[in-house]
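Taken verbatim from TrEMBL:
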type: DOMAIN; residues: B:25-231; note: domain 'MacB-like periplasmic core'
type: DOMAIN; residues: B:264-384; note: domain 'ABC3 transporter permease C-terminal'
type: TRANSMEM; residues: B:20-44; note: transmembrane segment
type: TRANSMEM; residues: B:260-285; note: transmembrane segment
type: TRANSMEM; residues: B:305-332; note: transmembrane segment
type: TRANSMEM; residues: B:352-375; note: transmembrane segment
Amino acid sequence: MNDIVSLSQVAKRYTRGKESVEVLHSLDLKIAQGDFVALMGPSGSGKTTLLNLIGGLDRPSDGDVTVAGERIDRLSGAALARWRARHVGFIFQFYNLMPMLSAQANVELPLLLTSLSAAQRRQNAQTALKIVGLDDRARHKPNELSGGQQQRVAIARALVADPTLLVCDEPTGDLDRKTADEVLGLLQTLNREHGKTIVMVTHDPKAAEYARRQLHMDKGTLVPGNTP
Amino acid sequence: MFKQTLAITAMNLKAIPQRLGTSSVIVIGIAGVVAVLVSVLAMATGFHKTVASSGRPDRAIVLRGGSQAEINSSISRDNALTILDAPGVRKDASGKPLGCAELVTIVNLPKISDGNESNVTLRGSCGQLLALRPNLKIIAGRMFQPAVREMIVGDGATRQFKGLSVGGHLSFRDSDWNVVGIFSSDGDAHESELIADADTVQSAFRRTGFQSVTTLLDAASSFDAFKDALTTNPTLTVDVKREPEYYAAQSQRLTAMLNFVAYFVGGIMAVGAMFGALNTMYSAVSARAREIATLRAIGFGAGPVVFSVFTESLLLALMGSAIGALLAWLFFNGNAVSTLGANFSQIVFRLTVTPGLIIAGVCLGLFIGLLGGLFPAIRSARLPVVDALRAS
């Protein structure tokens, strides 16, 4: 399979005052198209930083980041935003839905960045909501939905523009076990039946079991030999 | 870009009910600024309009040389006759010059509003008054008669001072006067006056001369000939002015002062409102940090986010401006007030909220909104996406 994510000698440093802290050290990583990778590790191990680099939300201090065939570490801010719109669907721990918009309008948001007509946007959003099983909740606002339903809306929003990659940051961190399993099952279906490449950060070993592959991080590096 | 801006702005506006308290700071602050600015400028506009409308270009006023106003002018009876006989003065059907030698004196009358006595101009005029000032119409009662202590009173004065109804009696010094008529003169400065026969006023107030001569000219173009005739006459030392110029000069100082007050007080309030707007928009950006970061993560550009913050600020400012202008119009437009004029007597005028003033007020409001939205908009663009995404 083709590699959809390729990181080579990636380092990330943050400067706080006069002090420079390196949170990722000379990291190499490849993720194939259609893979479902769970990134695990203790707090502060650098897994969210790595996820942000893969998703084009952050830039490396050193090294190359190639995702979906593009050297995204070289893109300008505006070009990176356009690239994200085209290639990445984000799923966050706290859903990050727009509270004033209906589920349907939330799902339509990424499509506003495309050239689709309003009718096409509406139709695609309805299809995405159907995939996550919430087509009957399209008119509800986030505060009228349960946590699990909100995360399903967020998944529909991530899917709707048919991105190359789904990037999930603790997608079940705010959900109970049963709801978490439903959401993870949905992600697994998206990966297995729709061929979506998924990179997911999680603390939860049970959540990680839904992935095809688990990568463990510690102190800014990938722990070797721990990737089944 | 437009589609993105529209979508984000719509979201921001839909969220305003959740931030009603902070959003109303902009609206109320700007409404206050615009209301004050527009109402004070309405005062200046109304005063200027009242005084300026008192003149017409084919009427001239003659004062003693160097006099700024009628109150400090003096013209003898002989000089008055010379002036009325000058070339360029229009004649009536019987060949009499259309002009009046007039004197003004100050009398005190109690105001309706608080009962305190204020200065009012009592003008001594002549039988040609209605021909000289065709806009002056008797709207109640009749014209005063010569040689008796009768007067007509301006409609504006009747609304400000007590005892000015037809049939009323007024006492000044040792003379008693009957109010026999009420006149209107299209809201000009004369409408604040009391007018009686000049000879009778002279007699009652023990005066001998006049203070001005006002003449109707053959045409506006006759003014230069009229002026030259008077200023080259060695027996006269007079200033000759077209009425509009004279009245414009009379209103200049007060209009300038009111404009200064409007812009000075309005300016101070505007600075306060601007900080209010800044604070509100900073709060709005801060409250929506995660939403903004999410939009940026999804792929929305910084530009639409900046424009949406600006647009929200401007829309709130527009709302405040409209409310302020509406309040000024509702509460002040057409209100009659009075102030001391050049003759140290009260001039009654109406506050006038013109479309120009409303536009000026709205422009100021939008400017405040623009400045108030600028820095928060920049902050929204610089928001660290990664940190803001995880904000609780």
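Start at 1 and count along the chain as shown; that gives each residue its number.
From the backbone N, Cα and C atoms, a Cβ is placed for every residue, glycine too.
Nobody curates TrEMBL annotations by hand; they come from automatic prediction.
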Practice task
Considering only the recorded stretches B:20-44, B:305-332, B:352-375, state which has the highest number of Cβ pairs under 8 Å to the transmembrane segment (B:260-285).
Solution key: B:20-44
Fill in the blank from the handout: Other same-chain positions with a Cβ less than 8 Å from the transmembrane segment (B:305-332) and lying at least 6 residues past its termini are 5, 8-9, 11-13, 16, 23, 26-39, 42-43, 273, 277, 280-281, 284-285, 292, 295-296, 351, 353, 357-358, 361-362, 364-366, 368-370, 372-374, 376-378, 380-381
Fill in the blank from the handout: For the domain 'ABC3 transporter permease C-terminal' (B:264-384), the DSSP residue counts stand at 93 helix, 10 strand, 18 coil
